[in-house]
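Enquirer: This is the structure, below, for whatever I ask next.
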Amino acid sequence: MPEPAKSAPAPKKGSKKAVTKAQKIDGKKRKRSRKESYSVYVYKVLKQVHPDTGISSKAMGIMNSFVNDIFERIAGEASRLAHYNKRSTITSREIQTAVRLLLPGELAKHAVSEGTKAVTKYTSAK
């Protein structure tokens, strides 16, 4: 009777970095699939704001889900705006308008100013 294949140990939940180790299953090497997440960036921002504070893997999962959700909402709204204006390209203007439509009051103002600052920094570095 053949033994059931043993699953490989699960990767640590903290920071979901890319794993390049190969697993051996039935004598064949198989690479682990890469899990993309924003955990590295969330951690960097946390350390900028509160250097002495940590974050649990569950909280990191929630933050990752939140960033993905906001990204999809902004991208969807920007896509709709480009379509309404018969444009085939989403520019920073569509993103800015989408942010103004999606985020409430003061939060939208701060997001727009931070976004403008980031775009300026990026274009000046080119």
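Yeah, the Cβs are placed from backbone N, Cα and C, and that goes for glycine too.
In case it helps, Swiss-Prot gives these features for our protein:
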- 1-36: region 'Disordered' (REGION)
- 1-12: compositional bias 'Low complexity' (COMPBIAS)
- Lys6: N6-crotonyllysine (MOD_RES)
- Lys6: N6-(beta-hydroxybutyryl)lysine (MOD_RES)
- Lys6: SUMO2 cross-link (CROSSLNK)
- Lys13: N6-acetyllysine (MOD_RES)
- Lys16: N6-acetyllysine (MOD_RES)
- Lys16: N6-lactoyllysine (MOD_RES)
- Lys21: N6-crotonyllysine (MOD_RES)
- Lys21: N6-(beta-hydroxybutyryl)lysine (MOD_RES)
- Lys21: SUMO2 cross-link (CROSSLNK)
- Lys35: N6-(2-hydroxyisobutyryl)lysine (MOD_RES)
- Lys35: ubiquitin cross-link (CROSSLNK)
- Lys44: N6-lactoyllysine (MOD_RES)
- Arg80: dimethylated arginine (MOD_RES)
- Arg93: omega-N-methylarginine (MOD_RES)
- Lys109: N6-(2-hydroxyisobutyryl)lysine (MOD_RES)
- Ser113: O-linked glycosylation site (CARBOHYD)
- Lys121: ubiquitin cross-link (CROSSLNK)
Enquirer: On a C-alpha basis, identify the one among Lys35, Lys44, Arg80, Arg93, Lys121 that is nearest to Lys109 (N6-(2-hydroxyisobutyryl)lysine); the candidates are the recorded positions.
Expert: Arg93
Enquirer: Of the recorded positions listed here (Arg80, Arg93, Ser113), which is spatially closest to Lys44 (N6-lactoyllysine) when Cα positions are compared?
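Expert: Given the candidates Arg80, Arg93, Ser113, the nearest one is Ser113.
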Enquirer: Can you tell me how many other Cβ atoms are located within 10 Å of the Cβ belonging to the residue listed as 'dimethylated arginine'?
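Expert: The answer is 13 other Cβ atoms.
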Enquirer: Given Arg80 (dimethylated arginine) and Lys121 (ubiquitin cross-link), what distance in Å do their CA atoms have, once rounded to a whole number?
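Expert: Rounded to the nearest whole number, the Cα-Cα distance is 27 Å.
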Enquirer: Among the recorded positions Lys35, Arg93, Lys109, Lys121, whose Cβ has the fewest other Cβ atoms within 10 Å?
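Expert: Counting other Cβ atoms within 10 Å of each of the recorded positions Lys35, Arg93, Lys109, Lys121, the minimum falls on Lys121.
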Enquirer: Could you tell me the C-alpha distance between Lys35 (N6-(2-hydroxyisobutyryl)lysine) and Lys121 (ubiquitin cross-link) in angstrom, no decimals?
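Expert: Lys35 (N6-(2-hydroxyisobutyryl)lysine) and Lys121 (ubiquitin cross-link) have their Cα atoms 29 Å apart.
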